Structure formats: C-alpha cells, structure tokens
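Novice: I am attaching a structure below and will ask some questions about it afterwards.
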Amino acid sequence: PRQVFAMAEDLRAAVASQTKRLNSSGEVVERLEENGHQNKRLKSNAGEEDAEDQNKRSPKRKIVLLMAYSGKGYHGMQRNVGSSQFKTIEDDLVSALVQSGCIPENHGEDMKKMSFQRCARTDKGVSAAGQIVSLKVRLIDDILEKINSHLPSHIRILGLKRVTGGFNSKNKCDARTYSYMLPTFAFAHKDHDVQEEVYRLDRETLEKVNKLLACYKGTHNFHNFTSQKGPRDPSAKRYIMEMYCGEPFVRENIEFAVIKVKGQSFMMHQIRKMIGLVIAIVKGYAAESIIERSWGEEKVDVPKAPGLGLVLERVHFEKYNRRFGNDGLHEPLEWTEEEEKIAVFKEQYIYPTIINTEREEKSMANWLNTLSIHDFNSSTVGMQANNKNSKNSSDLEGSDGCDDDSD
C-alpha cells in the first residue's frame, strides 16, 4: 500500500507541475481544459515535430495588443479588403501576424475568424501611441519580438495582455484620449502679419484658447462637427470629459503646442472640427458665440483642421478594469510599464513626422489660408451650396475616433 501511495503522490506531483507550467499566464480554468489534449500530444515524438505542429499545439487565446504607429502614408487604421491601392495600418499588422505564425493565413483574409476588433478607427494620416486591438491568436514563444520582426519600424507592438473570451476592444472601451500637435502660429490674429518661425504664443492668447476649449466639456449635440448627421440624431450627442492646450515648446525653430481631448467617443472629423472652430475664433474670423450656436439645430459652417497633428494617445477601460482587473485571473488593462516605450516611440517616429511634414508641406499654413473662405454667419441654404463646392475625397477617409457610428 505504501508503494501505491507513493506512486499516487508522484503522479499527483507530476500533474500539478504540468498544470502549473500550463498556467503561467494565470487563467487556470481555461488552461485545465487543454490538459486532456496536451497529454495525448506529449506522446508524440518530439524529434519529429516541426514549427507548424508546435503552432497547432499552441492554444488560441483572446488577447489585446498595445500598438503605436506613425500614420503618414496610410489610409487610416482599418483594413479595406480588396482595395490594395489604399494601404492601411491593419494591412501591415495582419501580414505580420500571419508571417510570425500567430494566426493561420485564412484568418488574415477573414478577420472575423480571429474575432479581430480595433478600438479606434483612426483617419488617413493619423498616428497612434496607444491603440488597442483585440483578437484570438496562438500564444507562441517570444510573440512580441516575432510580430515586430515582420513590421516596419514605424509600427510597433509595445505590449500584450490576456483578456476575457468575450472581450471586444471597441465595445468595452469607455473613453479615448487624443492629442493634436500644432504650430502655435495657428493662433496668431488674422490682422497681424506673422513670420512663422519667429511667432511665440503669449500667455493671454493661450488662456483664451483654453477658455474656448473648455466650452466643449460636458454633453453637447455635435451634429455640426461631423458629416451626414442631422440635429435630431440622438447619436450626435457626445460627452467630452476634458480638453485643454498645454505649454508651448520649440522644435526645429518652430513653436508647437499640444491640445489634449478626452471623450467617451468621437464621430468622423469631430476633433479636427472642434479644433478648427477654436482656431477660427482666436484668429478673429468667427465670434465666440458660434460655439454655443453650433449646438443648436441650424447648420453652422465649421472648418476642419488638418489631420496631420492628430494622435490617438490612449484608450480607457475603466469599467472592465473594475470588474476583471483584480479578479485573480486577469490583468487590468493599464500600461504603466510600457509608458517609457510609448514616450520613446513618439519622440522617434510620431513627433518628427509631424514636425518635418509641417515644415515641408506647410499643411497648417495652407489650411489657415482657407479660413477666410468660410462663412461663419451663413444660413442653411448657403451652407449646402458651400458643401457641394467643397466636397472632396478627404471627407470620406474614416474617422478621428471610433464608435458605433464610425466603424
């Protein structure tokens, strides 16, 4: 009996150590379900296994990836299957996932098969420092290094976390923070002749900018800040938590400032139009009362600032973290350990792209010249005529944020 008891103990210890090894990422229940299959596989001759078999053996798990990218040269985040001339960030991401062995090739062709969901569908040319995508992948060894080795240097996967099986990065996200980096000469009054490299933002103007940006806080009807939404469409109501402009700084002889905005969700072009209208007021083209007027039913001509300076900074999962973040099985979706990598990526790829493109292409300076064409007192009839004349393809390029309307 003692021998039988000892054998039983040995067997129990072996199973426990194997279970422990299988549970390295903490989700005990899910991994135990794998054990039946795992034991059968252990019988196969390890010497005959190749990488493909190993891939098949890796269990598929729901994860989130923390992504950073410079959006210049891309037609936004979201993949347009079948239109290869418009390259998107997801084209490069899916290709890297297939090449690294995280997903089979047919999942790349039909992204629903891996339950893929991006948190925000960034617009053409827009960058991200903290984009989140959720998907099911094979948890292969050195997964981040392998994915990154198949990506261009201006797209990086900076972090990975396991999430619940039903997790959807878009639906579970309860807020998004964007930043908008712009040269401060954008705020110079239209009646002053300004030399772009010499201009410096004074304290009084910065205070005025911040007073205007603060008007957006709270819940308002933003139907005038997007296209194809009527004033009575309930989804045009949006909740903005904060919006402010930080202290200016000089790069490459030009002074820049960064506007931060945190909101529950944003519609197509909403952030760029919110900033465009504040610039029009500060420059003296429109009266301050236009902001209040834009919440009403009448159509207001709201100019849309260039896409270049817009960056998706981070996405927030406060409700999910409260429910699952400390349940002992899942990690909270916070990225404090990755903050340094995010900061380095922005300094290396995002800010230089914005600064150099601004210097070479003068996107802000050219856009400022169009402000005088806008009629900030126009009626609905006048507006419709203007819209017909000014409609161009860039109005159809995805969205600044991503929510039920824009995805």
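Quick reminder: no glycine exception, Cβ is built from N, Cα and C everywhere.
Where the annotation comes from TrEMBL, it is an automatic prediction and has not been curated.
Per TrEMBL, the features are:
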- 16-26: compositional bias 'Polar residues' (COMPBIAS)
- D123: active site, nucleophile (ACT_SITE)
- Y178: substrate binding site (BINDING)
- 216-318: domain 'Pseudouridine synthase I TruA alpha/beta' (DOMAIN)
- 382-396: compositional bias 'Polar residues' (COMPBIAS)
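Could you place the listed features in the three-dimensional structure?
Specialist: Across the domain 'Pseudouridine synthase I TruA alpha/beta' (216-318), mean pLDDT in this model comes to 95.
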Novice: D123 (active site, nucleophile) to Y178 (substrate binding site): how many Å between their Cα atoms?
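Specialist: Answer for this pair: 12 Å between alpha carbons.
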Novice: Give me the count of other Cβ atoms within 10 A of the Cβ belonging to D123 (active site, nucleophile).
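Specialist: Around the Cβ of D123 (active site, nucleophile), 27 other Cβ atoms lie within 10 Å.
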Novice: Using DSSP, how many residues in the domain 'Pseudouridine synthase I TruA alpha/beta' (216-318) fall into helix, strand and coil?
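Specialist: Split into helix, strand and coil, the domain 'Pseudouridine synthase I TruA alpha/beta' (216-318) gives 26 helix, 33 strand, 44 coil.
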Novice: Would you count the other C-beta atoms found within 10 angstroms of the C-beta of Y178 (substrate binding site) for me?
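Specialist: By my count, 26.
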